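Data first, discussion second: the structure below is written as structure tokens.
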Amino acid sequence: MSHIDKFGLLGGNFKKPPQRKTRLNRSQEELTPLPWHDYFEYKRVINIDDNKFTTYLLGNLDSVLIVLLHGGGFNALTWSIFAKHLVKQCECQVLAIDLRGHGSSFTTDDNNLSMDTFTNDVISILRKLYPDKMPSIVLMGHSLGGAVAVNIASTAESDLPIIGLVVIDVVEGSAMESLASMQSFLRSRPKSFKSLHEAIAWGMGNGHIKNKESARVSIPGQIKNIVTGKLATDELEESTIIDSPQSTEEINKPPYSSIDSIKEDEECGPPSLSTEKSLGIYTWRIDLCKTEKYWPGWFQGLSNKFLSIHAQKLLLLANIDRMDKDLTVGQMQGKFEMQVLNRVGHAVQEDDPDKVASILSNFLVRNKFANPTGDFIRILPGC
């Protein structure tokens, strides 16, 4: 059954992909934003009370459901290329969610970013989407999204049909240690961008996202128009992107050095309207600096909760050094599978989406959660 057949019965705000526009020249095209419908079949806004959560859907509805939860500051489109690869390798359906305060989701209190709030939001979305019979679920989360996935599985395991859990590049020990330097890192980012091209170039040039294609689809979901407050992804869909002309040299040149960006950003927070002309057209969708009070609650107790969950578990890391003591012992006891990927940054699923899709499809097939399809290639499991 297709998504249109299923969700047409449920009603709601449901969008089909619009038509593509004319392309720019090749130099500009390398930094041209890509629309969500190049990767997902449908976009649906889920209304829960006065809150609106944006979701993206892909795949076969009569199969296991992979629920994708992004990291802090990211958005559902961080999973775009990965999702497209995954559904070609095994029979599954994908649901990527813009979490509260992120992407195109808007709530009555976008500043309430506690772990319990995230958890309740995701559970409510799933119950709204599947009011009668919920499919078997594999929760998959990156960074903050990984912590949310663990919390959902540990608190709702008896209620939701969770059969698998996949966590990407978040470990309690290293996460808690990194919190002390998080404000400094956030201040090192530019406050605004003069164009969407510039934002994409910054993301690739500063190692935020190493994969060019992924940066072109996910970064528009991380920034908003300073004047209108509209997400760049939504502007792209409505063909109202505000972009200043740039020469080839300007496009290929990273717009900021790390030193320049630190000087610019001595304080956190979005630019004010009075400085919008000098600072640029776009700023970050979420001001992560203001979420600091929630950081410890996102990660405290993460390792023990992860190890206590009975569902099949997989941990993907960008660096083996990020393992803490509890997980190291648990891994040696065979309590979960683990894979360490090479030549990737923190945004593992964006930097090497094909590899992550291959690892997950093998995890699903090996555990008999999904059947392989034409592009499936069997690989050896990790430790």
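A Cβ is built for glycine as well, from the same backbone N, Cα and C atoms used for every other residue.
Using a 10 Å radius centred on the Cβ of Ser143 (active site) and all shown protein chains, the other Cβ atoms total 24. If you look up TrEMBL, you'll see Ser143 (among others) marked as active site.
When other Cβ atoms within 10 Å of the Cβ of Asp169 (active site) are tallied across all protein chains shown, the result is 23. Residues or ranges marked as active site by TrEMBL: Asp169 (among others).
Per TrEMBL, the feature active site maps to His346 (among others). The C-beta environment of His346 (active site), restricted to residues of the same chain at least 6 apart in sequence and closer than 8 Å, consists of Gly71, Ser143, Asp169, Ala318.
Here TrEMBL flags 66-358 as domain 'AB hydrolase-1'.
Marked as region 'Disordered' by TrEMBL: 247-271.
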Self-check item: Model confidence over the domain 'AB hydrolase-1' (66-358), averaged pLDDT
Solution: 86
